[in-house]
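Undergrad: So TrEMBL has the following annotated:
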| type | residues | note |
| --- | --- | --- |
| BINDING | CYS78, HIS362, GLU404, ASP434 | Mn(2+) binding site |
| BINDING | ARG117, GLU276, ARG277, LYS299, ARG330 | phosphoenolpyruvate binding site |
Amino acid sequence: MGKSALRREILNSWSKSSWHKYPRKQEPEWYDKALLKDILSQISDLPALVFAGETRSLMNDLETVGLGKAFLLQCGNCSENFVDCNGPKIHNFLRVFLQMSIILSYIGNKKVVKIGRIAGQYAKPRSNETEHINGGELPVYKGDMVNSFEPVLEKRKHDPARMLEGYFRSAATLNLIRAFSKGGYASLHQILDWQKHYFSDYPIMKKYEQVAAELISAIDFIKTIKLDTNNTSFNEVDLYTSHESLLLEYEEAMTRVDTTTGLPYDTSAHMLWVGERTRQVDSAHIEFLRGLNNPLGMKIGPQYKIENIVENIKKLNPENRMGKLSLIVRLGVVNIEKFLPELIRVVKDNYFNVVWICDPMHGNAYTTGTGKKARKFDDILEEIRLFFQIHERANTIPGGVHLELTGDNVTECIGGKSNITEYDLDNNYTSTCDPRLNAEQSVELAFFVSQLMKS
Ligand code: PEP
Ligand code: MN
């Protein structure tokens, strides 16, 4: 059967609303069903946030990642917050993102494909429905697109109007990202400006300055021999967006048929992933994603059942196209050696074309004695090192990393050159969900990964 015939067959049994017939985990209990209907109809009428042509470019870029010709850097907040839809915050994030990507591409000697967990990462799956706060029990926070982080009963109700606000905040964030990536700030000529952080005088920045100085002299040389440095490859970058496909009502409302190809695309982000908690084989989440033409990701934690992984790969990438499906493994430093070789072997035995991505964050969380969620920087680095080592042994491609980080000076992960300890966590812990690397730890991690790419 030809590929387009296979695609047509998939679309015969799928629609953007076919997921309603499947069991759904993590479902919000929207407090007002009439309001929900009205909000979804408004969202359905609003313009696409991203365009099918851009999404196809990402698919091609991810194919190069899967083939080992480029490296994926996917990163951003665990949970984006509405209040952080703010110029300086987004600017801080983009600056560290660009810096990391220049370190990876210059030292690691590969093109870097950049995908943010941004402009829509507003919904969170949670392990428990309620939480203890100040001696009371409240519905748990599920991300700004569902309820408020504020520990007040009324504000914790699941409010559908928040999805509309999420749409507009995603649009505002994307507008700034597009201006930065195409409007000059991402130009290589600005490379020194990207280091203007709170930590610009820390020792790690000496290493960055050296990279920047070498690049500037390379650019000067190119100018000297009269090659054009005004063209787009010097002055623009492609920054793609992604988030977990969790709120299926919202994703359905954002799904449109592309006029060029006649195929359905979720226009809320370029790439969508299914989380560890919602990827059951017959789940509503898998059903929704299987009909889309976007590149997809699937998180895999150490509790997986191999036969379910195989079945999901077939469902999410029926054409077995490289670049379509990324397996985002989040096994944890203590488990990666036990499980990743098996996953790789099964993928190889089935001739599946997948992009292998390491999420070294979600398998390494722990709770401190004072009840704070933390991650150790050294565990994160070590899981990435093992990811590269296991792929090298298997002769497969370590395609990239998926990270939770911020451009701000937070104290949420332990370790790094500034040696953040458990006692420091209270200094500036602002995440409303999982602990993130701060900007300095992120740059340090980029240097570490760039060395692994080289070796
Ligand atoms: C996340 O990426 O924030 C997340 C919840 O991940 P996972 O589904 O892997 O637990
Ligand atoms: Mn997270």
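For all residues, glycine too, the Cβ spot is worked out from N, Cα and C.
What TrEMBL says about a protein is an automatic prediction, not a curated fact.
Explain the structural surroundings of these features, please.
TA: For HIS362 (Mn(2+) binding site), the count of additional Cβ atoms within 10 Å of its Cβ stands at 20 [all protein chains shown].
In sequence order, LYS25, GLN26, PRO125, SER127 are the residues near ARG277 (phosphoenolpyruvate binding site), counting only same-chain partners six or more apart with C-beta under 8 A.
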Undergrad: Give the distance between the Cα atoms of HIS362 (Mn(2+) binding site) and ARG330 (phosphoenolpyruvate binding site), rounded to the nearest whole Å.
TA: 6
Undergrad: Rounded to a whole angstrom, what is the C-alpha distance between ASP434 (Mn(2+) binding site) and ARG117 (phosphoenolpyruvate binding site)?
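TA: One finds 13 Å between the Cα atoms of these residues.
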Undergrad: With an 8 Å cut-off on Cβ-Cβ distance and a minimum sequence separation of at least 6, pull the same-chain contacts of GLU276 (phosphoenolpyruvate binding site), or say none.
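TA: Set apart from GLU276 (phosphoenolpyruvate binding site) by at least 6 residues yet with Cβ under 8 Å, we have PRO125, LYS299, ILE300, GLY301, GLN303, ARG330, HIS362.
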Undergrad: Cβ neighbours within 10 Å, counted over all protein chains: which one of the binding-site residues GLU404, ASP434 has the most?
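TA: The largest 10 Å Cβ neighbour count belongs to GLU404.
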Undergrad: Do you know which of the binding-site residues CYS78, ARG117, GLU276 end up with C-beta under 6 Å from ligand 1?
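TA: The binding-site residues passing the 6 Å Cβ test are CYS78, GLU276.
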